[in-house]
Every structure is written in structure tokens, then in C-alpha cells.
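Among the features that Swiss-Prot reports, Fe(II)-heme a binding site is placed at His69, His383, with the record citing a curator's inference. Among the features that Swiss-Prot reports, Cu cation binding site is placed at His246, Tyr250, His295, His296. Look at Swiss-Prot and you will find His381 tagged as heme a3 binding site, backed by a curator's inference. According to Swiss-Prot, the transmembrane segment annotation covers 23-43, 72-92, 99-119, 151-171, 195-215, 240-260, 272-292, 309-329, 382-402, 417-437, 460-480, 551-571 (among others), on the basis of sequence analysis.
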Amino acid sequence: MATQKQEKSVIWDWLTTVDHKKIAIMYLIAGTLFFVKAGVMALFMRIQLMYPEMNFLSGQTFNEFITMHGTIMLFLAATPLLFAFMNYVIPLQIGARDVAFPFVNALGFWIFFFGGLLLSLSWFFGGGPDAGWTAYVPLSSRDYGGLGIDFYVLGLQVSGIGTLISAINFLVTIVNMRAPGMTMMRLPLFVWTSFISSTLILFAFTPLAAGLALLMLDRLFEAQYFIPSMGGNVVLWQHIFWIFGHPEVYILVLPAFGIISEVIPAFSRKRLFGYTAMVFATMIIAFLGFMVWAHHMFTVGMGPVANSIFAVATMTIAVPTGIKIFNWLFTMWGGKITFNTAMLFASSFVPTFVLGGVTGVMLAMAPVDYLYHDTYFVVAHFHYIIVGGIVLSLFAGLFYWYPKMFGHMLNETLGKLFFWVFYIGFHLTFFVQHLLGLMGMPRRVYTYLGDQGLDAFNFISTIGTFFMSAGVILLVINVIYSAFKGERVTVADPWDARTLEWATPTPVPEYNFAQTPQVRSLDPLFYEKIHGDGTMKPAEPVTDIHMPNGSILPFIMSIGLFFAGFGLIMLNMDNPIINPWIVAIGGLALTFGCMFVRSIKEDHGYHIPAEQVKADLAELKKGGN
């Protein structure tokens with residue numbers, strides 16, 4: 001028999017929650033903190049490059065910043081921020097009461113978070129990793145890489161476990177938890193792209209985990225996988241890394257495409273043009289994304305045949321991506337467009353991403369890549385993809401879903417000011433870096449001489465970074481201001497949108513839907529507005545709702561993995577104050593002990609009685625939500 005829900009303090013409630021909505025907000029906060037941290041590093045690096053031969057940062061500090069900036073932005077900022085929206089929105093969009101495995105959802109967050117903390121601890125033990133975010137061997141070997149590389153390896157290994165189990169959870173949720181009538185071809189595009197992105201995580205993070213394990217064995221136990229003098233192969237690391245690294249771009253950009261595919265139809269007052277083509281284009285992009293990893297290695301010496309095959313495969317990705325671009329444009333064509341902040345970010349994404357794609361096709365030409373490789377042209381290209389593609393989409397999604405997540409609107413005036421300051425700053429920063437690359441400025445250098453003609457463009461690029469920073473500060477001000485003065489949202493659907501999450505009350509109750517909705521079409525809420533009375537028809541009567549109990553075990557298990565990783569890092573420390581094996585084995589014992597407790601403990605959750613659900617429904621009807 002299920003127990004009654006226990007009353008908890010606020011902190012205990014958040015530490016033990018398995019509610020997908022609260023976990024989403026924790027992902028949002030953690031991802032934002034890491035985003036700001038990596039952004040400050042970027043600002044410091046641009047200040048160092050503002051003038052020739054600056055001494056704002058030393059070469060060593062610059063190397064550490066450039067490594068941590070890339071690593072944090074991809075693993076600990078972009079990924080969790082997308083996971084925040086995936087966690088909050090997917091169950092609501094498919095008509096589910098939670099994800100398939102709420103306990104695993106909480107575990108995925110806490111493992112990611114403590115993995116990020118483990119990586120960040122490197123600053124207190126001699127400095128961060130300094131081999132670049134790709135950690136190419138031999139730069140990351142024991143001979144050249146300091147203790148920071150051990151934090152990189154173990155921090156990403158722990159964090160990656162959290163990402164992997166969360167992806168499995170999303171896959172099972174989307175396959176098994178859909179409301180009656182919601183076939184796969186009625187899924188919102190955001191759910192489709194998240195589903196395909198989670199599949200990519202499944203296949204991309206496993207080689208990363210294997211590669212990090214081999215590098216760990218090289219560094220901690222003197223294995224020889226990547227040491228040429230002992231029969232190892234440094235190019236092997238490059239292949240292992242990039243067969244993860246290139247799909248990682250699509251792991252991030254596909255859910256971003258999904259956000260754009262939700263925002264543009266909502267504010268164009270039209271259904272998404274070419275839904276079926278968009279679904280299959282997403283599948284093709286994901287498939288081809290695994291076929292092109294070696295285009296990062298054109299200058300390694302794979303030979304003309306391999307280079308040619310990967311060059312052609314890379315250019316082919318432009319075709320399904322082009323389909324998506326035109327479908328977004330056709331969605332806006334003839335629509336009654338509302339240019340609020342979310343729509344400004346979504347529509348500006350399109351030309352920005354196209355420019356990033358065009359430079360991508362240029363880089364795909366293997367002979368020309370010999371000129372571009374390791375120059376600022378490449379830096380400009382991938383920032384147009386990651387900032388112009390992923391970050392603009394995240395901001396669009398934030399302004400779009402913020403009322404549903406927090407119960408109040410963000411200020412539109414501050415929002416539009418944020419958009420223009422950030423967007424102008426972005427192009428100022430990165431457009432001129434194409435030109436710096438064509439002029440021959442190499443990546444990852446901490447200074448340059450005054451007679452090389454690079455002064456003006458570097459100065460402009462740094463000014464742009466100040467604009468971007470000012471934009472992010474405006475966003476923070478907006479969030480704080482709106483929390484106190486923002487317009488409160490009391491209706492379910494402030495945007496007159498099309499999908500199921502806008503059929504839930506605001507704020508969303510812990511059980512999401514009092515009655516599981518019956519889905520009759522793609523864009524189910526819009527269908528009911530046209531063919532019904534504007535409300536979703538229930539697929540079941542009002543009954544007791546079963547809910548999972550919260551648990552502190554995910555938090556404790558993650559602490560155990562944190563200490564296990566730290567204990568292994570201590571093996572490379574000089575004179576550790578405690579035997580590293582005690583820390584490592586103790587951490588693993590804590591994690592496996594929690595797994596054992598979880599296995600033998602009977603926990604059937606609790607029920608929300610039908611009477612309470614009916615009372616909630618009556619209250620909502622009275623309030624007009």
C-alpha cells in the first residue's frame with residue numbers, strides 16, 4: 001500500500017525531489033552558474049587579446065582558461081540547460097505525469113552536478129587542465145599535462161554517467177509514456193529532436209567514456225595506450241574523441257532545432273511547415289553526424305581517400321539542414337508574426353546558423369582546410385554554430401517557457417534590449433574572427449606581435465565580448481526584476497500556443513494532468529481550439545493519482561562517485577594526507593551501498609486521492625485557468 005506524502009523543509013524537498021519540474025529548475029540554475037563561469041573566462045581571454053603583447057593573463061593561465069571555457073560550455077552549460085527544458089517540457093508535451101524513472105532522473109542530475117564540481121576543484125589543486133578541451137595526447141599525458149588533466153578525465157567521466165542515464169530515461173519516457181492518441185508522428189518537434197538527441201548520447205558518450213578510461217589508465221597506472229614510444233598511438237585518442245565530439249554538436253543542436261520549431265509556429269500563428277520532412281531531416285542529420293568525425297582530422301595524414309569520403313559526407317549534412325531552414329522560413333511566410341523577445345531570438349537564429357553552416361561547408365573542403373585548420377576561422381565557425389545556433393535557441397526557449405516554469409512573465413522591454421545588445425555583441429565578436437583566421441592568426445595563442453596587422457580586429461572582437469557580457473547582465477536583471485514586479489500568469493496558455501504543455505494550469509500541479517488527455521491531432525491544443533471548446537478531452541475519469549516518493553539516495557550516491565573520482569586523482573598527488581585508495585574505495589562503497597539500500601527497500605510511492613484532484617479542478621475552473 002502506498003504511503004502518504006511526507007511534509008519536508010524547503011532544502012530537504014529540493015535535495016530529495018524526483019519531480020521532473022523541480023529537477024528541470026535545478027538543471028537550469030546549475031547550467032546557468034557554469035555558463036556564467038565559462039563566460040567570465042571568455043571575457044578574460046578576450047581582454048588578454050585586446051592589444052598585442054598584453055600581460056593580463058600568463059600563457060599558462062590562458063591555456064587553462066581556454067581548456068575550461070570549452071569544456072564547461074559544452075559539458076556543463078549547454079547540455080544541462082537543454083536538459084532543463086527537456087526535463088520540464090517533454091512529460092508535459094506528451095501528456096505524462098512524470099518521466100519513466102523519476103529516481104534515475106534525480107540521480108542523473110546529481111551525478112552531472114558533482115562531476116562538474118569535481119572538474120572545478122582543479123583550480124584549488126595546482127590549476128585547471130591546460131591541454132585544450134579536446135585533451136589531445138601527448139599534451140594530456142603524464143609527461144606534459146599536470147594534475148588538472150586528472151580532474152578533467154575523472155570529472156567528465158562522472159558527469160558523463162549522469163548525462164548517459166538521463167538520456168536513457170528520456171528515450172523510455174517518449175516511447176512508453178505518451179498520452180492516448182499521441183502517435184510518434186503527432187509528437188511535437190521538440191520531443192522528436194530530444195528523442196533523437198538522446199539516441200545520439202547513447203552512442204556517443206560510450207566511446208567518450210571508453211576513451212577517458214584509457215587515458216585515466218595511461219595517467220594513473222602507466223598504461224601505454226596513447227604513448228608512441230611504448231607502442232601506443234596518439235591518433236587513436238583523436239578518433240575516439242571525435243567519434244564522440246562531432247555527434248556532441250548534434251546532441252546539442254538538435255534539441256535547439258526543436259525549440260525553434262516550437263517558438264516560430266507559436267508566434268507566426270501557423271502550424272509548422274513540413275512537419276514530416278522536419279522529422280526525417282532530423283533523423284538524417286543524426287545519422288550523418290556519426291559519419292563525419294574525421295573531418296576534424298584532415299591535417300593528421302589519413303590520406304586522400306579517407307579525407308575525400310569524410311569531406312563529401314560532411315557537405316551532405318547541408319541538405320537536411322537546408323530543408324529545416326526553408327521550412328522555418330515557410331512557417332513564417334504569410335504568418336501573423338509577433339516579434340516578442342522569444343521570436344526575436346528564434347528568427348535571428350536562422351540567418352546566424354546559416355552563416356555558421358556556410359563556413360562549415362568551406363571547412364569541409366579538405367584541401368582548403370589545410371589553410372583554415374587551427375586558425376581563428378575555425379573558432380568563428382563553431383561559435384556561429386554553438387552561440388548562434390544553440391545559445392540563441394536557449395534564450396528563445398527561456399522566454400517562451402518561463403511563464404509556465406515560474407508563473408510570471410519576463411519583462412519584454414528588458415528582454416528586447418538584452419536581445420539587441422547580445423546579438424550585436426555576438427556578431428562584433430565572432431564575425432571579425434573569420435577575417436583574423438584568413439589573415440593567419442592561429443587558435444589557442446595567448447598573445448601576438450604588434451606588426452602582424454591583427455590589432456584592429458582583435459580590438460573589435462573584444463569590444464563585442466563586452467556587449468555580450470552586458471547582455472547577459474541585462475538578462476539577470478530581468479529575471480530578478482520580473483520575480484518581484486513581473487506580470488503574474490494565471491492562465492494556462494498566455495501565448496495562445498499549440499501544444500499540450502499549455503493545457504496544464506499555471507503553476508503546473510505536481511501531477512501535471514488531473515486526467516490524462518486524449519490526443520486527436522498534431523498540435524493537440526490548437527486542434528481543440530478549432531474543433532472543440534479549447535480544452536483537452538480526458539482519456540480517463542478522475543481517479544487516485546499515484547506519485548513517487550522523494551529520495552535522498554541519488555544525492556548520496558553522487559557524493560560517493562565524487563569521492564571515488566577524487567580518490568583516483570589523489571594517486572597522482574604529491575604526499576596526499578590520506579591514502580587515496582581509502583577515499584576511492586570508500587566513495588564506491590557509499591555509492592554501491594545506496595544501490596543496495598534502494599534494491600531492498602520497499603517504496604510504493606503515495607496516492608493523491610481523487611477527491612483532492614476534483615477539488616483542484618473545481619478551483620481551477622473557478623479561477624479561469
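Here, residue 1 is simply the first one shown, and the rest follow in order.
Backbone N, Cα and C atoms are what each Cβ position is placed from, and that goes for glycine too.
Distribution of Swiss-Prot features across the structure.
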residue	record	DSSP class
His69	Fe(II)-heme a binding site	helix
His246	Cu cation binding site	helix
His295	Cu cation binding site	helix
His381	heme a3 binding site	helix
Nearest-integer angstrom distance between the alpha carbons (Cα) of His246 (Cu cation binding site) and the residue listed as 'heme a3 binding site': 14
For the recorded Cu cation site formed by His246, Tyr250, His295, His296, which further same-chain residues have Cβ atoms within 8 Å of the site's Cβ center? Trp242, Gly245, Pro247, Val249, Gly289, Val292, Trp293, Thr314
Would you kindly give the Cα-Cα distance separating Tyr250 (Cu cation binding site) and His383 (Fe(II)-heme a binding site), rounded to the nearest Å? 14
For the transmembrane segment (151-171), which recorded stretch in the set 99-119, 195-215, 272-292, 460-480 gives the largest number of Cβ pairs separated by under 8 Å? 99-119
Spacing of the two Cα atoms, His296 (Cu cation binding site) and the residue listed as 'heme a3 binding site', in whole angstrom, works out to 13
Integer Å value for the Cα distance linking Tyr250 (Cu cation binding site) with His381 (heme a3 binding site) is 15
CB within-chain contacts under 8 A for His381 (heme a3 binding site), separation at least 6: Gly356, Thr359, Gly360, Met362, Leu363, His434
Can you say which of 23-43, 272-292, 382-402 has the most Cβ pairs under 8 Å with the transmembrane segment (460-480)? 23-43
Roughly how many Å separate the Cα of His295 (Cu cation binding site) from that of His69 (Fe(II)-heme a binding site), to the nearest whole number? 23
Residue numbers, six or more beyond the limits of the transmembrane segment (382-402), whose CB comes under 8 Å of its CB atoms: 73-74, 78, 81-82, 85, 88-89, 249, 252-253, 256-257, 259-260, 262-263, 266, 340-343, 345-346, 348-349, 352-353, 355-357, 359-360, 408-410, 415, 419, 422-423, 426, 429-430, 433, 475, 495, 501
Who are the chain neighbours of the transmembrane segment (195-215) in space, where the CB to CB distance is under 8 Å and they lie at least 6 residues beyond its ends? 82, 135, 137, 140, 153, 156-157, 160-161, 163-164, 167-168, 170-171, 174, 187, 223, 225-226, 237, 240-241, 243-244, 247-248, 250-252, 254-255, 282-283, 286, 289-290
Counting only residues 6+ away from its ends, which parts of the chain sit with a Cβ under 8 Å from the transmembrane segment (23-43)? 14, 17, 65-66, 68-69, 72-73, 76-81, 83-88, 105-106, 109, 112-113, 116, 120, 405, 465-466, 468-469, 472
Cβ neighbour count (within 10 Å, all chains shown) around His246 (Cu cation binding site): 20
Using a 10 Å radius around its CB, how many other CB atoms surround His69 (Fe(II)-heme a binding site)? 22
